[in-house]
Amino acid sequence: MARLEDPTALTQLPDESARVRYTSSELQDYFETLKFPQRFLDLGNSVLKDPSLARTKENGLPLLQAITRYHTCNVPFENLVLHYDPHKIVTLDPAELYTKIVTRRRGGRCMENNIFLGTALRSLGYEVRNCGGRVSRAMSPYPEVRKNQSATYDGWNHMLLLVFLGDEWYGVDVGMGSMGPNLPFPLQDGFESLSIAPREIRIQKRSISETHATGPSHATKMWCYDVCYNPAESKKTWTPVYCFTETEFLPQDYEVMSWFTSTNPRSFFTRYITCTKMIMDEDKEVIIGNLTLFKDTVRETIGSDRKVVKKFETEEERIKGLVEIFDVNLTEEEKNSLPQEKRLA
């Protein structure tokens, strides 16, 4: 983002020569952050030596699948900067995000995680397009919203990536917390896949219910990402998670989106402290659940089973839990910058 104090320093996509790219050494440090096993380190190093391999399904897709899986399990989806940071300002600068995610072992919300990942993928040789989405109100933390407005969507408030492999585009999203797809999905109308068992995901191209169009043929069609929690039922019930477009979004688009979601008092992110990491099985082949901190409680969800892991009584306990459970370390300045009204007793 441009400097806040200078009204003439407007955000834009830099010229090609000025765009941030991570070095081979920085990408190898990112692989270390992901805790890649040797087989994926070898694959990643092969792509580093020959970036053209990144655009093939034979090499690029397995590496992309591994990066997506290991990123969501080792880089948290979190909004701690909005509560503990002394300035409460979210950076979307790729160089600063590298420091935050790789050097400090922190995470971020959708735009932080996906801007960082998009930069890493381009640095590896992938063709990547930044896109935007609207989160479904069926995902709202408020029961009354889910009950009364589940067929509607928020405004543009989400980011995801499209990655071109072989001859088709794949959706990639490491910034949706526990409700993310957790795998690269082909941009195919009607695509369905197992995500976190038993949950299934679906991709459809359809119009959404909110439209001024006078008929279905006039309504704009969006790509819609849905989930089914109980696919064993005789008739599957699909719940919308978000809709998105193939239109390329620019840094100035995300600046507007991030500013709203990080400053609006009605925003989930400004009201509640949250942190999520996904959990892999013992063989590190599939994601089986998640650990999520919401306000003062950490819950573990494995498949359909959910339990409370820890409930914090004091702020000191919550900060200790961030370290022990999520491997998130706050500085003393950050610990002291949480407003008094948000501190646990």
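Heads up, the Cβ atoms here are built off N, Cα and C, so glycines get one too.
As recorded in Swiss-Prot:
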ACT_SITE  C110  active site, acyl-thioester intermediate
ACT_SITE  H158  active site, proton acceptor
ACT_SITE  D173  active site
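A C-beta separation below 8 Å, combined with a sequence spacing of at least six in one chain, links C110 (active site, acyl-thioester intermediate) to F77, H158, M159, L160, D173, G175, M176. All chains included, 27 other C-beta atoms sit within 10 angstroms of the C-beta of the residue listed as 'active site, proton acceptor'.
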